[in-house]
Amino acid sequence: LLMWLPLKSLLQLIGFSMLNLWMPMTVTYIHLLLLLLDPSSALMSTQDPPPSLGNHSMDKNDVDEAEGHFTVPIAFRVFSVDYHHVQAPFEIVLWIMLASLAKLGFHWSGRIPAVVPESCLLIMVGLLVGGVIYGVRHTAPPVLSAEAFFLYLLPPIVLDAGYFLPGRLFFENLGTILWYAVLGTLWNVLGIGLSLYGLCQLGGWGLEEVSLLHFLLFGSLIAAVDPVAVLSVFEEIHVNEQLHILVFGESLLNDAVTVVLYKLFESFLRMPSVSGVDVLAGGCQFVVVGLGGLCVGLFFGLVAALTTRFTARAQVIAPLFVFLYSYLSYLTSEMLHFSGIMAIVTCAVTMKQYVEANVSEKSNTTIKYFLKMWSSVSETLIFIFLGVSTIQDVHMWSWPFVSSTLFLCLLWRALGVLLLTAVVNKLRRNAVTFRDQFIIAYGGLRGAICFSLVFLIEDFPKKRLFITTTIVVILFTVFVQGMTIKPLVELLDVKRKKRVLPTVSEEVHCRLLDHLLSGIEDVVGYWGQHYWKDKFEHFNTKYLKRFLIREDKQPKSSIVRLYQELERREQMGETDEGKRERSPAM
């Protein structure tokens with residue numbers, strides 16, 4: 001049936017054209033697929049498949065181990081099915097295939113991508129698949145487990161974002177990003193948790209018996225701004241670099257804060273009483289987790305750079321070291337209970353400039369496209385499983401609690417952005433405008449991080465209500481805010497991203513100004529960002545690059561090195577492909 005299905009039909013079937021004539025075929029295809037995957041279905045035998053030896057299949061009575069003799073086969077079987085032998089990899093491949101076809105159909109679906117974000121449509125596909133699974137099996141579909149999300153699906157996305165992170169912009173805005181990520185997250189967690197506790201004590205919603213720690217635990221997970229959802233939306237609307245790095249950087253570092261707070265409140269719930277010493281120890285743990293992840297990532301990043309220095313005679317395995325050391329930094333950090341996201345981002349940022357200098361252009365291209373493919377598949381699977389996992393039997397509904405949670409999430413984030421920006425603008429040269437503040441507050445999308453954390457809560461009478469509320473907040477932020485943020489960016493006339501590569505002249509003058517400002521800071525005795533940047537560049541050129549980069553890859557002239565870097569950017573297509581208006585040589 002699938003071989004005879006026309007390509008156009010299959011693309012429309014998977015590609016979100018759900019209201020056309022191909023909709024019955026979609027349901028039929030998924031129904032047949034589920035029947036094939038269900039061992040208890042009519043298409044599969046209810047008995048275990050017979051063991052096979054080469055081309056001969058024998059029944060279980062053919063070999064009598066107790067008697068120790070061999071019996072002549074009763075019948076010769078030409079064809080047999082052993083689904084259990086390949087069940088796990090077969091189902092994984094099917095899910096990846098479904099996700100890839102859904103993404104392919106999305107890009108072939110005409111004008112839909114211009115209106116609806118890709119993440120919304122992928123969740124819709126997940127809802128459809130989850131509904132079909134529930135209708136066929138009459139059991140809840142599989143849930144995206146926290147282990148699968150944090151250990152397998154999230155690292156590729158964060159690695160891709162960290163490796164291609166605009167380093168200059170990130171470090172120039174690092175103070176503001178930390179301001180939003182740390183203080184802003186604490187503001188949201190405490191504001192949402194305390195407000196919900198107070199409303200439930202006064203409102204008579206049947207939640208008076210829920211403790212304050214449970215509400216703070218819920219506030220810590222519902223305040224988690226998901227970098228996957230943020231990246232998915234903001235890469236489509238092409239806002240200016242400063243706004244993009246503020247929102248993305250805040251969502252990236254926000255995860256470390258929310259996970260630490262979640263584990264902290266979870267530990268407090270298991271304790272008979274919480275003292276001031278315990279709270280102080282929790283604050284120290286918060287710092288240790290972040291710094292520990294930073295150190296682990298820095299170590300593996302330097303080791304990866306040093307390893308690629310010796311790959312001149314084996315260039316084919318050079319990209320492998322990038323992936324292995326990055327993932328190893330994440331796993332090591334998680335093993336030590338540090339921040340895995342901090343580790344993998346630090347590793348990617350640390351090794352990038354040295355790895356790109358050591359490996360060939362073909363290896364750089366391999367690294368780029370493999371990271372893009374890996375992160376794209378993971379992102380697609382996450383959104384599809386969000387939709388699939390929504391179809392559950394564990395829902396508990398409360399209009400006052402759900403609506404209050406949604407309102408408080410929007411309120412406390414908006415207030416936090418306005419108050420924190422008012423303070424940080426006094427210390428910035430380029431102030432964050434009110435339009436950018438509105439987009440930052442409106443871009444606080446929730447996703448799989450809070451969805452995974454809510455299922456980890458230990459069972460208590462109102463856990464199902466927390467799960468339902470989390471799903472509603474995720475769907476509202478992804479669908480309503482995700483679909484309306486692009487029209488709002490156009491309506492507010494927010495500054496967009498430039499799509500032209502800088503020329504050599506522009507880069508040279510930019511570096512000239514950096515050196516000039518560094519000299520001025522040195523003369524007046526002010527140790528600002530330009531002073532420290534100049535010191536690091538001197539240390540990097542004199543020591544680190546000589547140790548981590550091969551000698552034949554180190555050009556003598558800085559302007560030659562600059563030109564090669566710009567040429568590499570153009571060849572790798574770090575800006576939008578096909579939209580370059582001039583080359584660095586002009």
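Note that Cβ sites are derived from N, Cα and C of the backbone, with glycine treated the same way.
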Quiz item: transmembrane segment per TrEMBL sits at which of 327-349, 511-533?
Solution: 327-349
Quiz item: Is it the case that the transmembrane segment (469-489) and the transmembrane segment (212-233) have 3 or more CB pairs under 8 Å, with pairs at least 6 apart in sequence?
Solution: yes
Quiz prompt | Best-contacting stretch, by C-beta pairs under 8 Å, relative to the transmembrane segment (148-165) and drawn from 177-200, 212-233, 286-307, 327-349, 369-391 | solution = 327-349
Exercise. For the transmembrane segment (212-233), could you work out the same-chain residues 6 or more beyond its ends whose Cβ comes under 8 Å from its Cβ atoms?
Key: 117-119, 154, 157-158, 161, 185, 188-194, 196-197, 200, 247-248, 250-252, 254-255, 258-259, 261-262, 264-266, 268-269, 274, 341, 379, 382-383, 405, 409, 443-450, 453-454, 457, 460, 462, 466, 469-470, 473, 477-478, 482, 485
Self-check item: Candidates 177-200, 245-265, 397-425; stretch with most C-beta pairs under 8 Å toward the transmembrane segment (327-349)
Solution: 245-265
Quiz item: In the same chain, who gets a Cβ under 8 Å from the transmembrane segment (177-200) while lying at least 6 residues past its ends?
Solution: 170, 207-208, 210, 212, 215-220, 222-223, 245-246, 249-250, 252-254, 256-258, 261, 400-401, 404-405, 408-409, 412-413, 415-417, 419-420, 423-424, 440
